[in-house]
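Pulled from TrEMBL:
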- A:12-31: transmembrane segment (TRANSMEM)
- A:37-56: transmembrane segment (TRANSMEM)
- A:68-87: transmembrane segment (TRANSMEM)
- A:107-131: transmembrane segment (TRANSMEM)
- A:138-156: transmembrane segment (TRANSMEM)
- A:176-195: transmembrane segment (TRANSMEM)
- A:222-242: transmembrane segment (TRANSMEM)
- A:262-287: transmembrane segment (TRANSMEM)
- A:299-321: transmembrane segment (TRANSMEM)
- A:335-354: region 'Disordered' (REGION)
């Protein structure tokens, strides 16, 4: 029978997935240098990657732990402002972060440092909110997290060091496509590995039945807080990338609707499927951009697309299914068995599919 | 009977003014199978919830191998060695059979989040060991063919057995089974009872069994405790219980009522 843990096949699939990611990277870079991808499209690509990180991180709380959280934009904003303040401070104190030729090594260093800081600060907030909030379930948790998101936004608008309602501007643009691409791939790899560890299994068990999980020796509170904090950590990182891509921050960007946007991506992709959140993040970021020529009709088409998916596939595009490039390849090698029709387009970033 | 594994003294719980269980005594020896019976609403499942830490008793004491257990949370009870199944099946439906069992190993596994993410040597070693143990356990329950199926797709009887396998996997010293044969046909019931007997012998585990199927209780239990309205009304061998007028009264009603 097929074994769940197998070191050999796992290593093989690491290599396969790494090759796939490198190919996607080279393809995108090639298109960029050939001028087929202009700076506008490259900007959309960055937004896609930020949304992938956001959606994948929310999948931890909503998909794996099974709790609806409506404050994800709050964690994102905490991360965004922490990172922005750090790199702005560095710039003001005379560190050369970028020259007209590009970003300096110090700039890359500060970028990564700011991401780490953003993640840690957001995770800290996640911990503070999570410990009391995760005692509640369902609607109550949703309301608490919604409240948290709004509180954060109002605080940012009213304190001085964040620039208040005017926002924060002059943030160095340190988010380069290459670094962000590999970071996204890395984060997705981390999340896939986490889901397949004993911790991920415990969290899924809580989603399935929290009374039974406790009766199997799992400390529900510990694992719930763990999932929620991790989720906040990666949301903070996404915020930090966002801040250093846009160069300006306004608290209004991180309102309730932003949280809903992320939740929509997760639900549309399929609760509990990281593949789904990646595909949906890509699709739902590109769709409104692609529909720009239809001007006022584009939001109608966007909403219609959502409604249609929810009617015909209520469990989301992927449900619980995770796409595996390794499985696909081994199926292709044996031509007799039928290959799955769906999932071909998501060849991107599942690095650690075991 | 050798020295007792589980010892319960004066256990009681009151929900507001209602005393659901009062002055409950119980001693279970190593690999002993004790039945707990009583009419509907007598307090059987409440006793299970007290023994597993779901409810905190308002009075009395619980000892497992002499260690006091009152005040512990459910997951700490499991770590100490008390595992249970549920009256209405509570499986992790979307997880595979193998994963269901492996969840129960979690509290004995040690690798950290970081080694889980980086997949260090510890990760592979512990995961492979856990998987091997889970498969061994499924083999004992004659369920190894189902290992990579999703739990929700199992036939009813197999779901009941999986719940027992999952409880066993926690490494428990005592197993509390809440109506394991409910809804099963006679063949499935016989198979289940055979499985429980095998487990007792193989793992040297004690069992406390709630069951409504009287012929079953009478045939497998070494000792039976009967409760009604939260009180013990009789204790003894199956034969003694079957002829106890109080028990007959509790189930069928008495003449003077």
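Note that Cβ sites are derived from N, Cα and C of the backbone, with glycine treated the same way.
Model, not experiment: these values are computed from the prediction.
Taking residue pairs at least 6 apart in sequence, the transmembrane segment (A:262-287) and the transmembrane segment (A:37-56) share three or more C-beta contacts under 8 angstroms. The highest tally of CB pairs under 8 A with the transmembrane segment (A:222-242), across A:107-131, A:176-195, A:262-287, A:299-321, is held by A:107-131. Beyond its flanks by at least six residues, the transmembrane segment (A:68-87) meets 54, 57-58, 61-62, 97, 110-111, 113-115, 117-119, 121-122, 125-126, 129, 138-139, 141-153, 156, 161-162, 168, 171-172, 174, 228, 231-232, 235-240, 242-244, 249, 251, 253-256, 258-260, 262-263 of its own chain at Cβ-Cβ distances under 8 Å.
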